[in-house]
Amino acid sequence: MKVKIISVGKVKDKGLNELINYYAKQIKTIEMVEITDEASITGMEKEGQKILSKIAKDSYVISLAIEGKMLDSVEFADTLDHVTTNFGPSITFIIGGSFGLSHAVKEKSNLLLSFSKMTFPHQLMKLFLVEQIFRAQAILNNHPYHK
């Protein structure tokens with residue numbers, strides 16, 4: 001599985017960056033791309049165009065959105081397994097900025113995924129996502145990390 005995470009904004013907290021990097025190193029085949037946060041509702045469209053330009057044509061796109069489908073960790077692992085088996089090894093995850101994702105990005109997405117009905121800062125979502133990708137790999141490989 002080849003993973004790309006496109007996120008709006010930078011993770012400024014050193015501790016969060018260390019945790020994100022810890023899990024990213026465990027995943028190995030991961031690329032993280034940061035898009036400049038435009039910090040306005042009108043800037044969301046500009047962010048969307050930048051995001052779309054970073055998505056590989058053969059990639060399965062999963063965007064994090066509050067209205068998306070909620071999965072538990074095992075269902076998430078099964079989804080990633082299904083995607084890589086049926087659509088190829090390339091998966092792109094997208095984390096929007098404070099105003100969310102543009103309509104164009106949501107339309108390009110193969111799956112809208114929600115971690116909760118609550119709203120979280122994009123910095124925390126990046127950590128949650130990287131950890132869940134690592135956990136999914138552990139589940140699929142019968143590794144004891146997932147209890």
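Note that Cβ sites are derived from N, Cα and C of the backbone, with glycine treated the same way.
Computed from a predicted structure; not experimentally measured.
Swiss-Prot lists Leu64, Phe115, Ser116, Lys117, Met118, Thr119, Phe120 as binding S-adenosyl-L-methionine, and of Gly43, Gly88, Gly96 the one it places in that same site is Gly96.
Taking every pair among Leu64, Gly96, Phe115, Ser116, Lys117, Met118, Thr119, Phe120, the residues recorded as binding S-adenosyl-L-methionine, the greatest CA to CA distance is 15 Å. Fewest other C-beta atoms within 10 Å: among the binding-site residues Leu64, Met118, that description fits Met118.
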